[in-house]
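Annotated ATP binding site per Swiss-Prot: 136-191, in sequence order. Among the features that Swiss-Prot reports, Mg(2+) 1 binding site is placed at 262, 274. Residues annotated as Mg(2+) 2 binding site in Swiss-Prot: 274, 276. Annotated domain 'ATP-grasp' per Swiss-Prot: 102-307, in sequence order, evidence recorded as sequence analysis.
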């Protein structure tokens, strides 16, 4: 196919190595799908020169974390008039902002765990202890304290007892001006992959379980401590409800192309946690795994994502 595709990967975020693996997998899949003119680009300060020099006609984003899924690279590509895979500037910026995402969930009537917002200014104007007491009053313990716009492994603390709340907030404030304190909901974790633009579809759900048999947030964020079960061990009507909420979440933020929405299910009630606009794209990642179960091979998936990018 006479279309020059640039696979953008690497970058400067803490998830650089994962992004490089995603980039290589996507490169191979696009070639297998029949795209013969594909260039891998390690994103750096010379990105504009690389895009222009290689005469890139469409960008496949295999980036993760800061500068990749926060709207930054999307804005640059918009200025250069280069179509790209995944969500646009606003949806990307909203999805990486955990607090903004939670507020949108609340406005749209999408169930989500209770939360409290702590700002650096509040801590400076009042005190760390006062902010911690407010979070405990509004959310309670156990809770998860998260830096607002960091990746899932950075600036996160699981708080079991009230006495540790202030310390967790202080730690998160090292990474961000705003902190999300979220109620911990024990239950089954399920991730929903969504594919499409204006009329997206939810792919088969994947249940994520702890290898130790005890589910908690730490299991979620520790590599090698979780297994993927597809389809999840949930009643069919609950699975359909999760898919509906996933599509609603996707559209509420204005996402397009692809996205992955994480849920916790307790007593058959799904709670939306967050939206990932650029999920991992190695052949064994969650999103391609869900697509594969739906009968969409990895090469076919990359082809569909390119076509969705060109629809915009």
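Quick reminder: no glycine exception, Cβ is built from N, Cα and C everywhere.
The structure displayed is predicted, hence computed values, not measured ones.
Positions of Swiss-Prot features highlighted on the structure.
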| residue | record | contacts (Cβ under 8 Å, 6+ apart) |
| --- | --- | --- |
| 136 | ATP binding site | 162, 165 |
| 150 | ATP binding site | 156, 175, 176 |
| 157 | ATP binding site | 144, 145, 164, 167, 168, 171, 172 |
| 178 | ATP binding site | 99, 117, 118, 119, 120, 148, 149 |
| 185 | ATP binding site | 113, 264, 266, 271 |
| 262 | Mg(2+) 1 binding site | 189, 190, 191, 192, 272, 273, 274, 276 |
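Secondary structure at residue 164 (ATP binding site), as computed by DSSP, is helix. Residues belonging to the domain 'ATP-grasp' (102-307) score a mean pLDDT of 92 in the model. Shown are the binding-site residues 171, 276; of these, the residue with the fewest other Cβ atoms within 10 Å is 171. Cβ neighbour count for residue 164 (ATP binding site) (all protein chains, 10 Å cutoff from its Cβ): 16. Annotation note: residue 143 (ATP binding site) sits in a strand segment as assigned by DSSP. Shown are the binding-site residues 143, 274; the one with the most C-beta atoms within 10 angstroms of its own C-beta is 143.
Mapped onto three states, the DSSP output places residue 136 (ATP binding site) in helix. The secondary structure of residue 150 (ATP binding site), as reduced to three states from DSSP, is coil rather than helix or strand. Mapped onto three states, the DSSP output places residue 185 (ATP binding site) in coil.
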